[in-house]
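Enquirer: Below is the structure I would like to discuss, written out as structure tokens.
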């Protein structure tokens, strides 16, 4: 079955003398993809149980999960392998995943069903909308951004999700002491992330040399990362703690 989730239509042309509505530059591009049986099962059976929708007011996640627990949000979980592994390893913590591509959402939810996890919830929409509308200020213990699209070409750098405005938004959602954890396998993007975050107010770099941290034990190594290591590709982890 093909993915039926499509991007919103283009804005209509403005009438003469009419001001065009502002349109935020997005850091992702919707891609159609074929769904496996398992992914479709995840969407059909898992989304009613573990899927969340955009709201106009912050969500009470204590009510959603039925408890108060340390809470992590991951933006762009891909096929969900890392988030599933972390959630299974830490049942005492709650995990919120955000991903726009339906095959990945289906795979993640199928994994939640198969493993019998209860500490995971999933959004299948724009992460910026989720942060702005659904996540209360000062509520997250950790926000993870692993291997986001580096948008290699200079003219596309404005599409990179890590920007000063994004750093400020993440900071507003983290508790004091909460951590923004990023990872990338693209050296120039690692440098760009470091440059943005080093001047972002209210953060402290957890690296001893104010650069990159060694790969944290809690971040699972993906098959993609293992292949890259064999080819001599590097991976850079950055951890910035909210200090005020």
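Heads up, the Cβ atoms here are built off N, Cα and C, so glycines get one too.
Copying in the features that Swiss-Prot gives for the protein in this structure:
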- 1-23: region 'Disordered' (REGION)
- 1-11: compositional bias 'Pro residues' (COMPBIAS)
- 74, 99, 126, 149: S-adenosyl-L-methionine binding site (BINDING)
- 149: active site (ACT_SITE)
- 153, 185, 222, 223, 224, 225: substrate binding site (BINDING)
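Situate these features within the shown structure.
Expert: If you draw a 10 Å sphere around the CB of residue 99 (S-adenosyl-L-methionine binding site), it holds 25 other CB atoms from the protein chains shown. Reduced to three states, the DSSP call for residue 99 (S-adenosyl-L-methionine binding site) is coil.
A sphere of 10 angstroms centred on the C-beta of residue 149 (S-adenosyl-L-methionine binding site) encloses 16 other C-beta atoms.
Of all Cβ atoms in the shown protein chains, 19 besides its own fall within 10 Å of the Cβ of residue 225 (substrate binding site).
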Enquirer: Looking only at 74, 126, 185, which of these binding-site residues has the biggest number of Cβ atoms within 10 Å around its Cβ?
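Expert: That would be 74, with the highest Cβ count within 10 Å.
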Enquirer: Nearest of the binding-site residues to residue 225 (substrate binding site) by CA-CA distance, picking from 99, 126, 149?
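Expert: When the Cα distances are compared, 149 comes out closest.
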Enquirer: Applying a 10 Å Cβ distance cut-off over all chains shown, what neighbour count does residue 153 (substrate binding site) have?
Expert: 8
Enquirer: Measuring Cα to Cα, tell me the gap between residue 99 (S-adenosyl-L-methionine binding site) and residue 222 (substrate binding site) in whole angstrom.
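Expert: For residue 99 (S-adenosyl-L-methionine binding site) versus residue 222 (substrate binding site), the Cα atoms are 17 Å apart.
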Enquirer: Of the binding-site residues 74, 126, 149, which one sits closest to residue 185 (substrate binding site) when you measure Cα to Cα?
Expert: 149
